[in-house]
Amino acid sequence: MSFGSKVSRALRFLEIPVKDRASVSFLKNPDLQPIKSANQTWGFWSNFAYWGVMSFSVGTWMSASSALGVGLSYPETIGTFIVGDVLTIIFTLANSCPGYDWKVGFTLAQRFVFGIYGSAFGIIIRILMSIVNYGSNAWVGGLCINMILDSWSHHYLHLPNTLSSKVAMTTKELIGFIIFHVLTAFCYLMKPYHMNYILIWSCVATFFSMLGMVIYLAKQAHGVGELFTSTKSTATGSTKAWAWVYMISYWFGSVSPGSTNQSDYSRFGSSNWAIWAGTICALLIPTTLIPVFGVIGASTCDKLYGEQYWMPMDIFNHWLTTNYSAGARAGAFFCGLSFVLSQMSYTISNCGFASGMDLAGLLPKYVDIKRGALFAACVSWACLPWNFYNSSSTFLTVMSSFGVVMTPIISVMICDNFLIRKRQYSITNAFILKGEYYFTKGVNWRAIVAWVCGMTPGLPGIAWEVNNDYFHNTGIVNFFYGDSFFSFLISFFVYWGLCLLFPFKITVKHDDKDYYGAFTDEEARKKGMVPYSEISEEEIRAYTLGEGYTTGHEYRPEGSDDEIPELVKTSSENTNEFEIVHHKNNEKQSSTASEKAA
């Protein structure tokens with residue numbers, strides 16, 4: 001057997017297995033197709049929990065600790081978080097539309113806007129973000145694992161470190177990190193849309209654990225401490241105004257990856273109301289409440305123990321090391337269990353499954369969500385996440401500023417959805433190489449240019465954030481502070497303007513039939529589509545399995561006499577006009593349609 005034959009055989013072996021009515025190809029696998037209507041089960045609490053799990057977390061508990069660094073008081077910082085939440089809600093809900101309109105995820109939404117090949121830009125960025133965030137969250141999850149193990153054994157609590165001093169972690173931390181990874185890996189055996197109950201229960205458990213901690217500390221300290229009143233704003237005038245802008249932008253930037261791929265989870269929604277109400281409540285209530293818990297925790301610890309503990313794990317470590325009582329051990333165990341569940345839920349939904357969905361979009365023939373998630377889990381070790389927390393690494397600073405890169409992507413997607421395509425997309429064409437979304441050589445250069453224009457001005461600000469001594473330019477720094485606002489507007493209007501100046505042909509507004517069973521009969525008819533239940537088996541196979549492929553835009557079962565639209569551009573260059581010529585029994589009928597770019 002030749003080397004080429006061996007490679008081909010190995011590649012065939014690596015192809016993902018598929019069931020009936022499913023196929024894999026260069027552009028398609030079952031995980032990329034629209035979600036079946038039967039699996040769109042996420043109601044209010046599921047959507048609330050998806051965003052709530054980000055807030056009922058150790059990271060959000062610690063978030064207010066960044067306040068003093070920019071010169072704001074803690075109450076002012078909570079105010080910036082609330083404004084940042086409103087901004088996040090607007091961006092997130094606007095970016096939810098491809099998911100709840102057409103039941104597709106981030107990968108297909110990228111193809112709609114950036115093109116079949118151009119979509120790789122945003123997808124790769126999201127994958128890198130997911131992998132790094134996976135490592136970071138897994139490390140914190142490992143610390144939560146150690147809370148449980150510490151409560152079990154006094155010897156484990158004082159386990160000696162056997163690692164070299166050159167490694168920025170201890171033996172205990174390594175053990176917790178490994179255990180967390182192993183536990184998380186088993187969860188990828190489930191489908192993403194089955195995870196909603198885990199998300200809900202993790203939010204409930206973590207909320208009551210955090211509430212119990214705050215009540216206990218406040219009772220012991222006879223109040224909430226003095227941090228809310230003793231810390232004063234050191235910034236004044238325009239400096240204070242820009243500090244507000246920075247914290248708002250920072251707060252949005254920390255969750256911008258989730259806003260970017262919101263379609264991955266909005267497609268699971270049972271109704272638009274459930275998505276909107278759940279997302280709004282989750283991005284307003286816990287994101288405000290949990291940072292307040294964190295301030296109370298640090299304030300009461302300062303009064304009780306003479307030190308501000310911002311990480312819940314540090315609080316329990318103090319309790320266990322000073323008094324290894326049954327009460328302290330029980331508290332560490334149950335709170336540690338809820339924190340582990342919270343970190344697992346967040347890591348799986350926002351990092352593991354997210355990267356799995358994205359990798360499935362890059363290599364759909366060989367990668368499904370499960371394989372992609374496991375790959376991200378393995379590669380996350382290469383990020384050396386222990387250096388993020390146990391050394392002087394500036395990587396977390398850079399990561400918190402990554403909204404500079406993500407916000408322009410969100411902006412272009414929103415502009416295309418509302419102003420250019422008017423919320424109309426053809427799902428079948430997202431699986432065709434030279435179809436509706438091929439644009440220019442597979443790339444929508446207008447979207448790429450708009451993304452670059454919105455991203456580039458903020459890059460010097462990231463360099464300044466890493467090292468303030470690089471340069472001293474107030475304009476660049478202030479632009480970076482407000483990047484979430486400025487980059488969004490720049491990319492939005494640049495893309496809109498380019499589409500007006502250089503319009504592309506919108507030849508297919510949406511599919512005429514629900515080939516994937518993504519809608520109920522009533523929903524399909526409202527969208528002007530033939531319901532799935534009324535489509536023949538042969539036609540479904542033609543579209544979902546790729547049998548009978550006949551043209552660059554449509555599928556047809558072989559030997560069928562059904563009408564096949566052949567799309568022919570008209571002479572107009574300034575509008576998106578096209579002529580649809582229907583062929584049936586060698587007879588032609590013509591019709592003309594015109595769609596403007598904006």
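Using the three backbone atoms N, Cα and C, a Cβ is placed for every residue, glycine included.
The predicted model assigns the topological domain 'Cytoplasmic' (1-41) a mean pLDDT of 79. Annotated topological domain 'Cytoplasmic' per Swiss-Prot: 1-41 (among others), in sequence order.
Taken from Swiss-Prot, the feature transmembrane segment covers 42-62 (among others), and the record attributes it to sequence analysis. A Cβ distance under 8 Å defines the sequence-distant neighbours of the transmembrane segment (42-62), meaning residues of its chain 6+ beyond its ends; these are 92, 137, 140, 144, 193, 196-197, 199-200, 202-203, 206-207, 210, 255, 258, 265-266, 268-271, 273-275, 277-279, 281-283, 286-287, 289-291, 293-294, 297, 310-313, 339, 342-343, 345-346, 349-350.
What Swiss-Prot lists as topological domain 'Extracellular' is 63-73 (among others). Sequence-distant contacts of the topological domain 'Extracellular' (63-73), counting only residues of its own chain at least 6 positions beyond either end whose CB sits under 8 Å from a CB of the stretch, comprise 80-81, 231-235, 239-240, 243-244, 246-247, 250-251, 254, 290-292, 294-295, 298, 310.
Long-range contacts of the transmembrane segment (74-94) within the same chain: residues 51, 63-64, 66-67, 227-228, 231, 233, 244, 247-252, 255-256, 258-259, 262, 275-276, 279-280, 283-284, 287-288, 291-292, 295, 407, 410, 414, 417-418, 484, 488, each at least 6 residues beyond the stretch ends and with a Cβ under 8 Å from a Cβ of the stretch. According to Swiss-Prot, the transmembrane segment annotation covers 74-94 (among others), on the basis of sequence analysis.
What Swiss-Prot records for 95-111 (among others) is topological domain 'Cytoplasmic'. Tertiary neighbourhood of the topological domain 'Cytoplasmic' (95-111): same-chain residues 32, 34-35, 37, 40, 118-119, 122-123, 126, 259-267, 269, 272, 275, 279, 354, 357-358, 360-361, 410, 413-414, 417-418, 423, 425, 427, 430, 437, 510, 516, 518-519, selected by CB-CB distance under 8 Å and a gap of 6+ residues from either end.
Under the heading transmembrane segment, Swiss-Prot lists 112-132 (among others), citing sequence analysis as support.
With DSSP classes pooled into helix, strand and coil, the tally for the topological domain 'Extracellular' (133-173) is 27 helix, 0 strand, 14 coil. Taken from Swiss-Prot, the feature topological domain 'Extracellular' applies to 133-173 (among others).
Taken from Swiss-Prot, the feature transmembrane segment covers 174-194 (among others).
Swiss-Prot lists 198-218 (among others) with the feature transmembrane segment.
If one looks beyond the topological domain 'Extracellular' (219-240) by at least 6 residues along the same chain, the residues whose Cβ comes under 8 Å of a Cβ in the stretch are 67-68, 70-76, 295-296, 298-300, 302-304, 308. Here Swiss-Prot flags 219-240 (among others) as topological domain 'Extracellular', drawing on sequence analysis.
The transmembrane segment annotation in Swiss-Prot covers 241-261 (among others), and the record cites sequence analysis as its basis. For the transmembrane segment (241-261), the list of distant contacts is 51, 54, 63, 66-67, 70-72, 76-77, 79-81, 83-85, 87-88, 91-92, 95, 105-106, 122, 126, 129-130, 133, 235, 350, 354, 357-358, 400-404, 406-407, 409-410, 478, 480-485: same-chain residues at least six beyond its ends, Cβ to Cβ under 8 Å.
With helix defined as DSSP H, G or I and strand as E or B, the topological domain 'Cytoplasmic' (262-274) counts 7 helix, 1 strand, 5 coil. Residues or ranges marked as topological domain 'Cytoplasmic' in Swiss-Prot: 262-274 (among others).
Beyond the transmembrane segment (275-295), the same-chain residues lying 6 or more positions past its ends with a Cβ under 8 Å from any Cβ of the stretch are 42-52, 54-57, 60-65, 74, 77-78, 81-82, 85-86, 88-89, 92-93, 96, 100, 203, 207, 210-211, 213-214, 227-228, 266, 269, 310. Annotated transmembrane segment per Swiss-Prot: 275-295 (among others), in sequence order.
Assigned with DSSP, the residues of the topological domain 'Extracellular' (296-332) fall into helix, strand and coil as follows: 28 helix, 0 strand, 9 coil. Residues or ranges marked as topological domain 'Extracellular' in Swiss-Prot (evidence: sequence analysis): 296-332 (among others).
Per Swiss-Prot, transmembrane segment is recorded for 333-353 (among others), and the stated evidence type is sequence analysis.
According to Swiss-Prot, the topological domain 'Cytoplasmic' annotation covers 354-371 (among others), on the basis of sequence analysis.
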Would you kindly list the residues that approach the topological domain 'Cytoplasmic' (354-371) from elsewhere in its chain, counting only those six or more residues past its ends and only Cβ-Cβ distances under 8 Å?
11, 14-16, 24-32, 105-108, 110, 119-120, 123-124, 126-127, 130-131, 134, 188-189, 191-192, 257, 261, 264
With the transmembrane segment (333-353) as the reference, which stretch in 112-132, 174-194, 198-218, 372-392, 447-467 has the largest tally of C-beta pairs below 8 Å?
198-218
For the transmembrane segment (484-504), I need the partner stretch with the highest count of C-beta pairs below 8 angstroms, choosing only from 112-132, 174-194, 447-467.
447-467
Write out how many residues of the topological domain 'Extracellular' (219-240) are helix, how many strand and how many coil, based on DSSP.
11 helix, 0 strand, 11 coil
Positions whose Cβ lies under 8 angstroms from the topological domain 'Cytoplasmic' (262-274), at least six residues beyond its ends:
34-35, 39-44, 46-47, 50, 92, 95-100, 102-106, 109, 192-193, 196, 349, 353-354, 357
